[in-house]
Amino acid sequence: MNGGSFRRHRRLRTSAGIRNMVRETHVQKEDLIAPLFVKEGEGIQTEVPSMPGVYQWSLDLLDEEADEIVALGIQALIVFGIPSSKDSCGSPAYDDNGIVQRAVAQIKERHPDLTVIADTCLCQFTDHGHCGVVDNGIIANDPSLELLAKTAVSQAKAGADIIAPSNMMDGFVQAIRSALDEAGFVHVPIMSYAVKYASAFYGPFRDAAHSAPSKGDRKTYQMDPANRLEAQREAASDEEEGADFLIVKPALSYLDIIRDIRNHHRLPIVAYNVSGEYAMIKAAAANGWIDEEAVVYEKMLSMKRAGADLILTYFAKDIARSLTR
Ligand code: PBG
């Protein structure tokens, strides 16, 4: 007799203690990567209107934010730079004295044990806002590679622990890997934005980083949201070219993709929980329509459950705070 002819699944849900014993997925501080927007100038601590709780910081005020991230027990952050000038080939991106390079050096000096990741792209630094150089209205792949490789090397020189290229040009991992190796940075890993969709969820980031393309869109280099096999092809070539981590971006509308990549790759996977995904939750919570803390935790679990090892999220500080409580 087992109490009937059906299974009693509820036995394992009887108490908090038993539920804790059988929980399959966990979110911990070590999973989190906190984004940081650093802007050239002075006295800047400006909240991004579409991203409540997220600020642009100038270097003179940046220590405060980095200190808080460290105090909360977060072990990694990613730096996005907003330069004061732009040009057609994005030269402030590979200036050894550029905003990302200076921010990285400053943070590493103050927090040597914090893992500092540099986002490697040209779109914040080009006057047309594209992630590569534009030639006759076309985003030129190969000429862009050289500039991206230069950017990565100069970020590594500044002390970046990990290079995170987000530009979606073909061959960018190989170009950056060989440039880093040649410059003596064989030990610096590449966290590749391997699978990056042309998503409407990046809207608030483009406000924050002033990186919206002035003409056209990013559909000739970022992926079509309708495609799933293409994500496998992108991830496979980045792995072959030497990527050390694979990012899937955005995350929440692409949990199937995270699972596909997990099933076919053995590299660590990063889910990029993007700006629009953050803004939606903040807006609903501000209206009192959802329980923000519970919803955020559930979202984090969903990315881990789908197969992500790490989560890059604007909620990083909020989550670290609630994990501390
Ligand atoms: C730059 C870059 C973007 C994001 C991260 N790096 C914008 C884009 O591709 O348009 C978006 C991040 C977010 O929405 O949180 N290439």
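For all residues, glycine too, the Cβ spot is worked out from N, Cα and C.
Bear in mind that the values here come from a model prediction, so they are computed numbers and not experimental data.
Taken from TrEMBL, the feature active site, schiff-base intermediate with substrate applies to K196 (among others). Long-range C-beta contacts of K196 (active site, schiff-base intermediate with substrate), restricted to its own chain and to partners at least six residues apart, with a cutoff below 8 Å, comprise S166, M168, Q222, M223, I247, K249.
DSSP classifies K249 (active site, schiff-base intermediate with substrate) as strand under the three-state reduction. The number of other CB atoms found within 10 A of the CB of K249 (active site, schiff-base intermediate with substrate), across every protein chain shown, is 23. Taken from TrEMBL, the feature active site, schiff-base intermediate with substrate covers K249 (among others).
The Zn(2+) binding site annotation in TrEMBL covers C121, C123, C131. Other Cβ atoms within 10 Å of the Cβ of C121 (Zn(2+) binding site), summed over all protein chains shown, number 27. Look at C121 (Zn(2+) binding site): DSSP puts it in coil.
In the three-state DSSP scheme, R218 (5-aminolevulinate 1 binding site) falls into the coil class. Among the features that TrEMBL reports, 5-aminolevulinate 1 binding site is placed at R206, R218.
If you draw a 10 Å sphere around the CB of E234 (Mg(2+) binding site), it holds 22 other CB atoms from the protein chains shown. Here TrEMBL flags E234 as Mg(2+) binding site.
Summarising the annotation, TrEMBL assigns 5-aminolevulinate 2 binding site to S275, Y314. Within 10 Å of the C-beta atom of S275 (5-aminolevulinate 2 binding site) sit 25 other C-beta atoms, taking all shown protein chains into account.
One way to see the shell of the Zn(2+) site is to take the Cβ centroid of C121, C123, C131; the remaining same-chain residues with a Cβ within 8 Å of it are G90, L122, Q124, F125, T126, H130, G132, S166, N167, S211. Under DSSP, S275 (5-aminolevulinate 2 binding site) is assigned to a helix (H, G or I) in the three-state scheme. Checking the recorded positions C131, K196, E234, K249, Y314 against ligand 1, the ones whose Cβ sits under 6 Å from it are C131. Each residue contributes its Cα atom, and for R218 (5-aminolevulinate 1 binding site) and S275 (5-aminolevulinate 2 binding site) those atoms are 17 Å apart. Counting only same-chain residues six or more apart in sequence, the Cβ atoms lying under 8 angstroms from the Cβ of Y314 (5-aminolevulinate 2 binding site) belong to P35, M51, G53, V54, N273, S275, Y278. Counting other C-beta atoms within 10 Å of each candidate's C-beta, the binding-site residues C123, C131 are led by C131.
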